[in-house]
């Protein structure tokens, strides 16, 4: 599927929702104010700001314009300069700040108020707290007994597509991208004439939990939107794991199709929704997912 087809799907889905599709845009570095190298290392600078990300720490550069262009072209840690064999103070502080942000999003909880505000049913895995979630991934792959009963009682049975949202390893990925990915995704699936299950939120879920969900609800395709393990300074990245006719005993990782890096600096959520709709349709047509699908 090429870019033109993706844009057509996005326009079609957004039109059905009564919204205007966003204009196509190229992925660009979000840094600004890169006019010239800056050597000031003010302690008052917000280390998460665009100004801090645009900072060029190379002193007395031979070609300042080359550094400026390089800095504009990537979000990587380039042009930070050195103090002898060591990084400069601001570069080190930014590294530590980004590391702290990544740790925070792993340890944070998705607020119960947020889940209720979205009108989502909330269930959980066998995990009871964040510490256990990080140390016992096997328990995050199974629903607790109460969750199983709740799904049987409150969710649509035997859907063509079941959409599940889970916090995973990034709370920010869910709360930041939810509004831009779930409404167009649900609208696109319904517009395609598919029977769509009741979307719900799984707290402390791991990827393999979608196998049990699919088995309980009799879903043909299960789509799990889960927070990715955050990188330095990027804590908002979402992944989609889609699988056809999952079974706890037989489904393996090669049976899943993954779309990763869903966020404003990667694959935009609205565009990802269109790609996921197309993927679900192809899975149902081919009755397969993962490496068993024909490209």
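Just so it is clear, glycine is given a Cβ too, placed from its N, Cα and C backbone atoms.
A quick note: this is a predicted structure, and the numbers were derived from the prediction, not measured.
Quick look at what Swiss-Prot annotates:
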- 207, 228, 258: adenosylcob(III)alamin binding site (BINDING)
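Recorded features from Swiss-Prot, shown on the structure.
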residue : record                              : contacts (Cβ under 8 Å, 6+ apart)
207     : adenosylcob(III)alamin binding site : 141, 168, 224, 226, 241, 256
228     : adenosylcob(III)alamin binding site : 168, 169, 170, 173, 237, 238, 239, 260, 261
258     : adenosylcob(III)alamin binding site : 239, 240, 241, 242
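In the three-state DSSP assignment, the secondary structure recorded for residue 207 (adenosylcob(III)alamin binding site) is coil. What surrounds the adenosylcob(III)alamin site, by Cβ distance within 8 Å of the Cβ centroid and not counting 207, 228, 258, is the set 168, 224, 226, 239, 240, 241, 260 from the same chain.
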